[in-house]
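Read through the structure below, which is laid out as structure tokens, and then see the notes.
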Amino acid sequence: MAEEEPSSVSRDLQELQRKLGLLLESFQNNSKVVAFMKSPVGRFLDRHPFLVLTVLMFVTMSAIPVGFFLLIVVLTSLGALMGAILLEGLVISVCGLSLLCILCGLGFVSLALSGITMMSYVVVSCLMSYWFSPSRPPTQQHANIDSQLAMKFTESEKLGL
């Protein structure tokens, strides 16, 4: 049994080598591959197989980390964009409500000041018209003052002043 295993393994390896050779030959006989290998880039790659293998391995191994990085960048950008929109909406809403409260307060203050000013104007104008009206009936106090002034005037006339 031990002798049967190496012969079957060697047969399997030979079969695998034959299949890989056919696959490689089909790639090399492909018209697109032939056209690429005749280009300057293809000739450079044919002259530097180690560099090609290194670049191919680097690109293959870095595809997953670069993909994750780009995914994180896109998700972070979308999150920041949504966050900025939400933050901007929140700031605008808070500022708008603050402005509304301030304007309502200023409206009430201006209404109160207008009312006080109008009441003051009415009271002062009524008092002014009452005090300085020529047709106003004399009050007792004003009558006493007027009579005292008249008496002083008549006394000064009597004395000849």
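Cβ coordinates come from backbone N, Cα and C, glycine included.
Sequence annotations record features per position, and here Swiss-Prot assigns topological domain 'Cytoplasmic' to 1-43 (among others) based on similarity to another entry. Note on the topological domain 'Cytoplasmic' (1-43): DSSP counts are 38 helix, 0 strand, 5 coil.
If you look up Swiss-Prot, you'll see 44-61 (among others) marked as transmembrane segment.
DSSP labels the residues of the topological domain 'Lumenal' (62-67) in these numbers: 6 helix, 0 strand, 0 coil. The topological domain 'Lumenal' feature in Swiss-Prot is assigned to 62-67 (among others); the stated evidence is similarity to another entry.
The feature transmembrane segment is assigned by Swiss-Prot to 68-87 (among others).
The topological domain 'Cytoplasmic' annotation in Swiss-Prot covers 88-93 (among others). Sequence-distant contacts of the topological domain 'Cytoplasmic' (88-93) (same chain, six or more residues past either end, CB-CB distance under 8 Å): none.
Summarising the annotation, Swiss-Prot assigns transmembrane segment to 94-110 (among others).
The topological domain 'Lumenal' annotation in Swiss-Prot covers 111-116 (among others). Within the topological domain 'Lumenal' (111-116), the DSSP-based counts of helix, strand and coil residues read 6 helix, 0 strand, 0 coil.
As annotated by Swiss-Prot, transmembrane segment applies to 117-133 (among others), with the evidence given as a curator's inference.
Per Swiss-Prot, the feature topological domain 'Cytoplasmic' maps to 134-161 (among others).
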